[in-house]
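Working notes, structure below.
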Amino acid sequence: MRKHTEFHEFILLGIPQTEGLETVLFVIFSFAYLFTLLGNLLILTAIVSSSTLHTPMYFFLGRLSIFDTLFPSVTCPKMLYYLSGQSQALSYKGCAAQLFFYHFLGSSEGCLYSVMAYDRFVAICHPLRYMPIMRPGVCVSLVMAAWLAGCLHATILTSFTFRLTYCGSNRVGYFFCDIPAVLPLACTDSSLAQKVGSTNVGFLALMLWFSVCISYTRIGIAILRIRSAEGGKKAFSTCSAHLTAILCAYGPVIIIYLQPSPNPLLGAVVQILNNIVSPMLNSLIDSLRNREVKRSLRRVFYNAVFISLA
């Protein structure tokens, strides 16, 4: 990496047009980040501690909670560090690592959403064959495939971004190292990296969105055919929470990476929603709309109180 650059660190300038609001933003983002970590940790604890939740649906939900814990942790700690008045510098390798893990975890989570949509499709459209189809080995293989797809995606983006020569300004006009913020600092032609980034992100997002649409179209048709009002309501309730999380995940991707002329402030606001708010909302949606998770969480709290009083 060193032979491609004449400096050894980047300076993160933070969220555009927020000068003087560092203390307020630090308090808001600290609360949101801690709430996200706590919420997803509680969901993961509830799933692991309850034998009734050891099913394919909750297996994927537990992995989603892991993603929602790791994904904001790529950008939030450094952002909170410099919002508290500390150094805004980030090493060259640290910037590359941040970009890699951001796209690795983000794209892996997108793949997991498609896997979860397929899981719901099998459960609702083929209930009698659900357990044979979604057996443990298949579930593990699908999660591993999501990790591998995300790793390949992030490796391509990171290699094309950091193969360029960076010898001018090292001031990144953003709150973390991402492709639209880093590429303008290159002093060699970055058009190929921009095309590869837009094509790669766009193709993966559209392909995953298309797979989700196919699954939920089939699910919608199956729900309309359910004669029991209670059965249709239960199926819709189970899928609506997952569909809401998917919309929150894919909306920011389309706005940030596929717009022809990026707006820094709009991109930062949408990116914050994607990095912090969406993982926090996922934990709220999964815990408040799911009776089994709420029941398991109550059991965990009761056991914790009983042990502390004993």
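Here the Cβ of each residue, glycine as well, is placed from N, Cα and C on the backbone.
Listed in TrEMBL:
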- 24-48: transmembrane segment (TRANSMEM)
- 39-258: domain 'G-protein coupled receptors family 1 profile' (DOMAIN)
- 60-80: transmembrane segment (TRANSMEM)
- 100-118: transmembrane segment (TRANSMEM)
- 138-162: transmembrane segment (TRANSMEM)
- 201-224: transmembrane segment (TRANSMEM)
- 236-259: transmembrane segment (TRANSMEM)
- 265-285: transmembrane segment (TRANSMEM)
Message: Using a Cβ cut-off under 8 Å, which residues of the same chain at least 6 positions beyond either end of the transmembrane segment (138-162) come close to it?
response: 1, 4, 56, 59-60, 63, 96, 99-112, 115, 118, 179, 182-183, 192-193, 196-197, 200-201, 204
Statement: Long-range CB partners for the transmembrane segment (60-80) (under 8 A, at least six residues beyond its ends), listed in sequence order, are 12, 14, 26, 29-30, 33, 36-37, 40-41, 43-44, 47-48, 90, 98, 101-102, 105-106, 108-109, 112, 115-116, 119, 139, 143, 175-176, 245, 275-276, 278-279, 282-283, 286, 293
Field: Long-range Cβ neighbours of the transmembrane segment (24-48) (under 8 Å; 6 or more residues past either end)
entry: 15, 18, 54, 58-59, 61-62, 65-66, 68-69, 72-73, 76, 79-80, 83-84, 272, 276-277, 279-280, 282-284, 286-287, 293, 296-297, 300
